[in-house]
Amino acid sequence: MRVFSKSLLLIAVGILMSQQTLAHSHHHHGHGDGGCHGHSHGGAKMHHGASKWSAEANLPHAEEEHHVHDHGHTHNHAHDHGHAHSHGDIHDHGHAHKHGHAHDHGAEKSKKVVEAGKRNMVELWMQAIGATLLISAAPFLILFLIPVQSNTDQHQNLLKVLLSFASGGLLGDAFLHLIPHALEPHSHHSQPHSEESHGQSHGEESHGHSHGAAHGHMMSVGLWVLGGIVAFLVVEKFVRLLKGGHSHSHSHSPSAPKSKDSDEEDDKKGQKKGEKDKVVSQQKPTKKTVETSSDIKVSGYLNLAADFTHNFTDGLAIGASFLVGPAVGAVTTITILLHEVPHEIGDFAILVQSGCTKRKAMCLQLLTAVGALAGTACSLLAEGVGDAATAWILPFTAGGFVYIATVTVLPELLAGHSSFWQSLLEILALLFGVGMMVLIAEYE
């Protein structure tokens, strides 16, 4: 019995001891799992089967508690492991530092953008004004090549050919360039300021306006054309009335300027024909020559006024095109230059026919460049001025051109007796002037 009870007691003690050993090993196994979990990113190695008396098993105990603490810390902040979280914190700090650096760069870039904008405005003005001076100076230089010096019998045939070319250019400019662009303001002169504004305005024109508004716009263009014709007629009638009382007192003076304006050869011929010229000057037909010369001078100044307004609209177009971009500005400049060369030659012929010398006519033509410069400046200073100005300036100028071509230039071609070949040359010159405007309008 005693032996049996002792054996039973030993068995119970053995069972208790084995349970404690199993519990401790299970606890150490769970802790090792936690340590391994804590060291999954740190790279530390744990001995999974170590006993509690092993020094190797007891050494990482503090590290395990430290890493478990880190694990709890990371769980509170970012639900991540301590090492990964601390690395993420450093990364975030570096990112914040980079953000401040970018902010500093943004301030520097804004200053550079402002300075670049100022430089771009200076370049814009230089390009636009330079293009305007180019379209004014190039035709002026071409006038030196024209052999006509003044309104004399020696150059009369060539002058009539140039006048025919001028009438064709004026009529073609009015009906193929000015009036169509006044009817469709977004085609050339009011291409303004940016592609967005063009698209907006085009959309408003196509969808927002009714047929009644379009009809009213066409009516207004037609009225402005008629207004230009009537205005030029009124100005010429008014000047005739002012000069009408002085026609008899200055009956001999117009012939003197013609002799001064002529070449030296004409002066020599005038001296040889001294008596014949005096007899002719005393006859009654001189009154008609005086009246025609005074009328032609008035029409010459009217042509200058029309040319001034036309150059103003060209300046508006150049300024608006350079606001869009340098490439658009260059194309517009070339187009206007091709258009201005024949136009200026015709205006020069009209001024010479009105009694001006070649030098005076060239100087007056050069003064009209002020209108182009004024138009360019207005277009650059106020971007929306192009639409408002071309709404009435273009058709009004077209009316002036029609009046000058039909009332002033064409009657000069019908005056006097011309040979068949001379008349053919005049008609061909007129058609050539119209044809040049057709080509320019086609490729514009």
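From the backbone N, Cα and C atoms, a Cβ is placed for every residue, glycine too.
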Per Swiss-Prot, which of 318-338, 360-380, 402-422 is transmembrane segment?
318-338
What else in the chain is close to the transmembrane segment (215-235), if you only count residues 6 or more beyond its ends and a Cβ gap under 8 Å?
179, 182-183, 298, 302, 305-306, 391-392, 395-400, 402-404, 407
Chain residues in Cβ proximity to the transmembrane segment (161-181) (below 8 Å; excluding those fewer than six residues from its ends, i.e. six or more beyond)
146, 148, 187-189, 221, 225, 310, 313, 339, 342-343, 345-350, 353, 390, 394-395, 397-399, 401-402, 404-406, 409-410, 412-413, 425-427, 429-438, 440-441, 444
Which residues of the same chain, at least 6 past either end of the transmembrane segment (128-148), have a Cβ under 8 Å from a Cβ in it?
155, 158-159, 162, 311, 314-315, 318-319, 322, 329-330, 332-333, 336-337, 340-341, 343-345, 348-349, 352, 358, 361-362, 365-366, 368-369, 372-373, 376, 379-380
